[in-house]
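Colleague: Residues or ranges marked as zinc finger in Swiss-Prot: 262-278. According to Swiss-Prot, the feature region 'Disordered' maps to 408-508, 911-950. What Swiss-Prot records for 416-426 is compositional bias 'Basic residues'. Annotation source Swiss-Prot lists compositional bias 'Polar residues' at 445-458. What Swiss-Prot records for 468-482 is compositional bias 'Low complexity'. Swiss-Prot lists 475, 482, 487, 501, 678 (among others) with the feature phosphoserine. Here Swiss-Prot flags 824, 847, 880, 946 (among others) as asymmetric dimethylarginine. Among the features that Swiss-Prot reports, omega-N-methylarginine is placed at 883, 895, 946 (among others). According to Swiss-Prot, the compositional bias 'Basic and acidic residues' annotation covers 920-937.
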């Protein structure tokens, strides 16, 4: 989803939705790796039924990772993908279904975003290669050290698009992987696996949602199925809420900013290519055996609990005294719809609504304020009530001017703070900073850019003396740098990037000044704001987009041909008269074919993935569609600071012209290219232990050519139709490995078959409601009336999936072990450094502690085992105090008491002294009530009621 900061905003506003995954790691014994047994209970105290993998979120980080060296070839990429899936599977451990969905041909509305992203990737890749070569030449010219440049072909991530050879090979590798795991992994024993590869049209996450919607509409569906969806896109959260399933969880890799990345030139960490100085790499390990080790740890996974998010939203959206019945499911649908205004993959966000400015909170407040005017909800099962939406947008339009002014004030304030911070840091810098080879360096800073550490100080000093002796005479007026070398009299010209103030991008619109609407339409659309007809056309297209996106989320693709034909969005104040705008879409549209989509989204630099005659249309000056593939294009920052936040001003592809040009080159396709250009479907896999195994085998034995209904009683209520697969995996047939480093499967028992979801009429409406029989999970958030209804009980927060999860507990043997290995003096409690009491209780009187008596009192019989290794409590907490008995005068033996305390002090310090021989800080709370102090002339007071040891 086109909201990069959405997940960060969501996790900060609703923190309890996040749960850290408990992951069991594989073990290694005698050099043999022992995988995790996924058939055992889930260590996260929850059992998932279905696991859905949005595979593109796995393919990209495995093929071109940012925080580690990339795989050397395609085979290593496939193995990395297999290992990533294994890791996810061992965390989630699904019991019924594993659904793998790879992005297929996308709707036309998404192709514009894909086109922009791929053109940007190609442009940035070429610019990075040019910059890398320039820095390399500069470093080598200065005598720097760089490893020899590897002659290898740069991996073009644009090949991760339907129709390429890479995606076709990936589908074959995943078929082999599924067969291998179903044959050999006990955790996959009774699992149903569905693979929807790139030949099946649709985005991966929407293919998953379409499967869930169609299964929910079946009478045999279990309404309490626990779903787990893997993916990092923000729209997965919206899609999960749109299912109205009570048990829906998202697993994603935890994002950790500022991860170390290796330099593209020297492969060292700590600097980028532009800062590389060509310094030799420091040896890691005695024999450089740790050269390939990475400083970054393996990424961790987190769970996002949508049932907890539903609790948050129910509290936030609940309204009293409504003119209609409150329905939390409908209000959540409205919340999902309002999130579309701050951005998505199909529409640009409104200029006045930024996620970083709490735009969603603003929309929710307006939504609750005008609900009495609207008289109902904004949406119903994916269909929009435009009359009510108009009231919301006009209310936003009334505050647009103040939003723009506040945004400008906040930006100016931020720049002032940054400028003052730079001045303060510059002022606090020391006047002289030592540098050079002999300068002391902090531990661990040898890998920092620019650091030079002398391995032989004596030799380095000798070389410096010889260099000074051989240098020409220097005038007295010559200035020196910190390392002793003369600096030019004229000084060094300061670089542009060293300036105190960074140049701000030119903004011709100036939304914070009067006349902002006229300037916006003139600069962005090249029309006058007074052109009411054009403005209404832009608004109508945007309203159509809102209806299309909501229908896409709740009902499926309404039209494969529709798209938003502008680069920018209108203002909220322009949403007048939208209630009468049509929101119907052309029916019966078909998706592009894979190679046709490649022609629509690829730049000319990625034409090597296309057939030669098709590729020529991208680069031939005489091509009828050459204008679709500009070599360079402008990026409008649109008020932003960084290029990646800007808008790529690419021409839109005319579908009619594209198809007309491709008709001439279609005959040039080979049979293999024709196969890759065809649309496919899903494939279902089961092992020999699955109840469906024998049923599918019988279909192959009978050779049935007609689709057959899936028996739901054999596969947990899954319904659809089976048809025979021409490339099926069958028992007793060898499954050849497409990856040379992996072995063939000679004893296969897995069977595969084509699978098709249940089909419905084109005008069928999937109801956005919670199904009958669905049980909501137990509430996780603290009840708002807990203080009134708890009768003084303390609230116990739920940290994981199970509220009754047993806490970690050690038995008495473990406490004895801890008490044995931990010295008494190393305790950290308030009594750890306290001296023994000066008196001990004998009979009913306090007596002096004689030298021959034991220094440690006897432990109480009812002491908890976990307290035994912490040392005994003070004596006055152990003994019963009798108020009716007097105390002996302490004066006769006060001298003995002082002598005894004086004798104890050296022993205590000798026992607790640190490495330097100095005693630690005493923390015996001397002088407070209940704690002894030297020279006290009265008996200790009775114990207070705050201590209870029973």
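Glycine is treated like the rest: Cβ placed from N, Cα and C.
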Colleague: With DSSP helix as H/G/I and strand as E/B, how many residues of the compositional bias 'Basic residues' (416-426) fall in helix, strand and coil?
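Modeller: Taking each residue of the compositional bias 'Basic residues' (416-426) in turn, the totals are 11 helix, 0 strand, 0 coil.
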Colleague: Can you work out the mean pLDDT of the predicted model over the zinc finger (262-278)?
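Modeller: Value for the zinc finger (262-278), mean pLDDT as a whole number: 71.
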Colleague: Neighbour count, 10 Å Cβ-Cβ cut-off, for residue 678 (phosphoserine): what number do you get?
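Modeller: Residue 678 (phosphoserine) is surrounded by 11 other Cβ atoms within 10 Å.
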Colleague: Could you find out if DSSP has residue 678 (phosphoserine) as helix, strand or coil?
Modeller: coil
